[in-house]
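Record features (TrEMBL):
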type: ACT_SITE; residues: His253; note: active site, proton acceptor
type: BINDING; residues: Gly21, Ala22, Thr23, Gly24, Asp25, Leu26, Ala27, Arg28, Arg55, Asp98, Ile99, Lys161; note: NADP(+) binding site
type: BINDING; residues: His191, Lys195, Glu229, Asp248, Lys354, Lys359; note: substrate binding site
type: DOMAIN; residues: 19-200; note: domain 'Glucose-6-phosphate dehydrogenase NAD-binding'
type: DOMAIN; residues: 203-500; note: domain 'Glucose-6-phosphate dehydrogenase C-terminal'
Amino acid sequence: MAENQNLEPLKAPGTVFFIFGATGDLARRKLFPAIYSLYREGKLSEDFAVIGVARRSRTQEEFREDVYQSIQEFCRYKPEQAPEWGEFAAHFEYKSLDINDIDGFRELRVQTEQLETKFNIPGNRLFYLALAPELFGSVSFNLMKGGMLEGAGWNRLVIEKPFGYDLESAAKLNEEIRKVFKEEEIYRIDHYLGKEMVQNIEVIRFANAFFEPLWNNKHIANVQITLGETVGVEERGGYYDHAGALRDMGQNHMLQLLTMIAMEPPSRLLAEDIRDEKVKVLRSLRPYATSEEVRNNVVRGQYTKGSADGKELPAYREEDKVHPESLTETYFAARVFVDNFRWAGVPFYIRTGKRLPVKTTEVVVEFKRMPTNVYLGQKHSLEPNLLVIRVNPMEGIYVKINAKKPGSESEIAPVAMDFCQSCIVGINSPEAYERLLHDAARGDSTYFTRWDEVASAWAFVDRIANTWKEEQGDLEMYPAGSWGPAKADELLQEDGFHWWPVNGQKEDNVVWLKGQ
Ligand SMILES: NC(=O)C1=CN([C@@H]2O[C@H](COP(=O)(O)OP(=O)(O)OC[C@H]3O[C@@H](n4cnc5c(N)ncnc54)[C@H](OP(=O)(O)O)[C@@H]3O)[C@@H](O)[C@H]2O)C=CC1
Ligand SMILES: O=C1O[C@H](COP(=O)(O)O)[C@@H](O)[C@H](O)[C@H]1O
């Protein structure tokens, strides 16, 4: 049922969606709601089915009730009072199965074929592994052994992060999966690539005549990428204490954002052309050659006790399932260089942390200053122009320019021209998982990471992680609710820059012009 009859959504073809890990957190918070939103927006074929798979026992009714509750709680469309709920829920079935149990997969095959007949589905099967990565290899193998890949249509494997712990483990994992699935059948999720504004970076860059000519080291002084989180590790202390911020956010989301900013314009907007350009950026990252270079360019931190909004916050080491003497970083910042003609000499400063003062993902492109200041004697020196891309939770862009202060004789003030996409009434951006599930079902792998991207990102990150493993003395402590270690500010100060305020920290001297 299309929510807006004027839109003609690109429908996914008839597909059976298998959610392995159907009783887990990701399925509940993201995947079932994404499927329902796609249904409500008319982006699913009427000929679809969803089979939830996990070990726990569930009757079909109990499973459908779980799905209902998850959608009610987490979806942007609510099923209560929706007349089509019963019709939608009838497409859901559950199969209790341990992924090591090959007989279970044979039973799953029978159940699948029955559903394909019942809903007239042409044999397309999408296997979403919302499971611990250690299980990916076994699931792939048992899908093949159990005859699950012998349907009449296509097979696609969608896998979650983390994709490995380092390059070596990622390569091993990839090898196991590739024994069963071809690269073009594998859709590696990086949910940041499903975010509306991350995809918009491409459009802002390649559809605007006044950005692209300036998008290089002649005009850009530096780029700052911030992925700030207010949350701690929540219930994921066990996983996080093993991973840390560099692996959890750096290897994937941060480097992916950097590639979107730095890549060359592809000649065609096809998945492989875009991914080719992105991987070139990853291969151009200047590797830190020595541990001294790591120390000079990368800062790591861990949060201690602190407070935010008047609430006391515990130290990382006091969090559930975290080692009481843990040396895992909950924050890192780095100065990164992309060694190619376009970006030679331009520092990219990236930072991410848990328990920072605001939840925000933001990219600031700072342009070089004017060659000379003819307005000497002004109260404020001329500020550099900024292009700020707000990814999340605010969506939009703003451009900071210098203009005559309205009403003044000749005073110059920075003016922010603000296009706040998320402020527009009626815009209800799809969740990243909606977009990505829809793309996977339509066979569009543009916003999924290809193996060579994953491998190049690990190669870069491994050098940092290996140095950190050998030398543990540089872990900086920062109070929960603060902006992280002061050393991260020094990274920029050394180059004559500073972090620009991000969402939630407004600059006093800036005049804001709001637009839509
Ligand atoms: N939660 C999130 O927001 C995010 C999660 N991820 C990744 O997604 C994956 C899943 O995460 P999450 O949902 O949080 O994890 P959970 O621990 O909540 O869920 C794991 C799921 O796997 C099932 N499972 C475990 N072992 C088996 C088995 N042997 N056979 C069949 N099913 C099994 C569990 O069901 P049962 O116990 O019933 O068998 C459960 O449904 C992980 O790789 C995680 O890193 C990535 C990004 C965000
Ligand atoms: O992948 C992850 O991302 C989330 C942050 O995602 P966002 O969409 O809310 O910005 C992070 O909390 C988590 O640790 C990490 O695994």
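Each residue, glycine too, has its Cβ placed from N, Cα and C.
Secondary structure at Asp25 (NADP(+) binding site), as computed by DSSP, is helix. Counting every protein chain shown, the number of other Cβ atoms lying within 10 Å of the Cβ of Thr23 (NADP(+) binding site) is 19. Residues within less than 8 Å, Cβ to Cβ, of Ala27 (NADP(+) binding site) and separated from it by at least 6 positions along the same chain comprise Ile19, Gly21, Gly52, Ser70, Ala130. Checked against ligand 2, the binding-site residues Thr23, Asp248, Lys359 give Asp248 as the ones with a Cβ under 6 Å from it, listed in sequence order. Checked against Lys354 (substrate binding site), the recorded positions Arg55, Ile99, His253 differ in C-alpha distance, with His253 being the nearest. Around Lys195 (substrate binding site), the C-beta neighbours below 8 angstroms that are at least 6 residues distant in the chain are Thr361, Val391, Asn392, Ala432. For Thr23 (NADP(+) binding site), the nearest of the binding-site residues His191, Asp248, Lys359 in terms of C-alpha separation is His191. For the recorded positions Asp25, Arg55, Ile99, His253, a Cα to Cα distance of within 10 angstroms from His191 (substrate binding site) holds for His253.
For Ile99 (NADP(+) binding site), the spatially nearest entry among the recorded positions Glu229, Asp248, His253, Lys359 is Asp248, judged by CA separation. Screening the recorded positions His253, Lys354, Lys359 for a C-beta under 6 A from any atom of ligand 1 leaves none. Note: the residue listed as 'active site, proton acceptor' has non-local neighbours Asp190, His191, Tyr192, Leu227, Thr352, i.e. same-chain residues 6+ apart with C-beta under 8 A of its own C-beta.
The most crowded of the binding-site residues listed here (Asp25, Glu229, Asp248) is Asp248, judged by how many other CB atoms sit within 10 Å of its own CB.
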